[in-house]
Amino acid sequence: MSNCRHNPLKPYPATIVKIIDETPDVKTFQMVFDDPAVMESFRQKPGQVAQLSVFGVGEATISITSSPTRKGILEFSVKKVGMLTSALHCLEPGTKVGIRGPYGNHFPYEVMKGKDLLFIGGGIGLAPLRALIDFVLAEENRGDYGKIDIIYGARSMDDLCFKYDILDRWPQMPGTTVYTTIDRAEPGWEGHVGFVPAYLEEINPSPENKYAITCGPPIMIKFVLQALEKMGFSDDQVITTLELKMKCGIGKCGRCNIGSKYVCLDGPVFYLSQLKQLPPEF
Ligand SMILES: Cc1cc2nc3c(=O)[nH]c(=O)nc-3n(C[C@H](O)[C@H](O)[C@H](O)COP(=O)(O)OP(=O)(O)OC[C@H]3O[C@@H](n4cnc5c(N)ncnc54)[C@H](O)[C@@H]3O)c2cc1C
Ligand code: FES
């Protein structure tokens, strides 16, 4: 980002314009930079992250969940887990925050052209996938991609993020099928019940001319990867995005390295074939 050239660690002031309660512990924050020139030059790609700061508290790495095709606004979905994320959850629309980035690599949407895409997400793991889903579904890009299948699950109905997308908007898009599941049956839920990897095996998608892109809790990813392998997906057809701890975001602090790779520079998006070459600590 050209405006970060002088001090790459300097956050730019932004304002929260809207907050959406997704689940009891996840909120989506819509933000705009205070300086329109910064907004204009912030050219993120799907899969990239930013460092969000709450002044006086600190910073956290958060995926940009809005597609770059959506101009003039950035969205971040944040799960409350600790100090910074709890402080963010206490903020109201109108509050000033800091944003620096965009950081990391991105989903290889150029090489995915002409392919069918299978998205597999769990819980807050849908946040980074959503940026790519909305990118490929955008009118200007839709013709470049084949069929879109989205398999998404959460523990309960309450824990489903982006209900307005998964239950309403995406199923209405041409060539798009959304499969939603929750872990355990509950009153009022008439959809599928069961874990995401089991639902994936039930749906049994063909690997032909397809990329699978997955993000979710580590245990889900582990079994999803096993299921995809069983279905015949090669390691170069499977892409995931890691959420290891990051601090600086620019390859300086050494907080995010796995062997010789830095998640903030070489990732967070990796092909399964790349992950298999890394030490087993991810
Ligand atoms: C590439 C990337 C993308 C991310 N995208 C998102 C996103 O879109 N939405 C979102 O809500 N979160 C995302 N995260 C995770 C987010 O950065 C952390 O949850 C956040 O930094 C926690 O800050 P905190 O001060 O609230 O928690 P802390 O007070 O620092 O920690 C609270 C607890 O959570 C643990 N913890 C903190 N960060 C992580 C982590 N990354 N992985 C595992 N455990 C952790 C700590 O060890 C501690 O036990 C992402 C992380 C990375 C690296
Ligand atoms: S987050 Fe500092 S080196 Fe990657």
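The backbone N, Cα and C atoms fix where each Cβ goes, glycine too.
According to TrEMBL:
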type	residues	note
DOMAIN	9-109	domain 'FAD-binding FR-type'
BINDING	C248, C253, C256, C264	[2Fe-2S] cluster binding site
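What TrEMBL annotates, mapped onto the structure for a quick look.
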{"residue": "C248", "record": "[2Fe-2S] cluster binding site", "Cβ contacts under 8 Å, 6 or more apart": "L9, R255, C264"}
{"residue": "C253", "record": "[2Fe-2S] cluster binding site", "Cβ contacts under 8 Å, 6 or more apart": "K247"}
{"residue": "C256", "record": "[2Fe-2S] cluster binding site", "Cβ contacts under 8 Å, 6 or more apart": "L244, K245, M246, K247, Y262, V263, C264"}
Determine, for the [2Fe-2S] cluster site, the additional residues of the same chain whose CB lies within 8 Å of the mean position of the CB atoms of C248, C253, C256, C264; present them in sequence order.
M246, K247, G249, I250, G251, K252, G254, R255, Y262, V263
Reduced to three states, what secondary structure does DSSP give C248 ([2Fe-2S] cluster binding site)?
coil
Starting from the Cβ of C264 ([2Fe-2S] cluster binding site), draw a 10 Å sphere and report how many other Cβ atoms land inside it.
25
What is the pLDDT of the domain 'FAD-binding FR-type' (9-109) when averaged and given as a whole number?
96
Would you mind splitting the domain 'FAD-binding FR-type' (9-109) into helix, strand and coil residue counts from DSSP?
13 helix, 46 strand, 42 coil
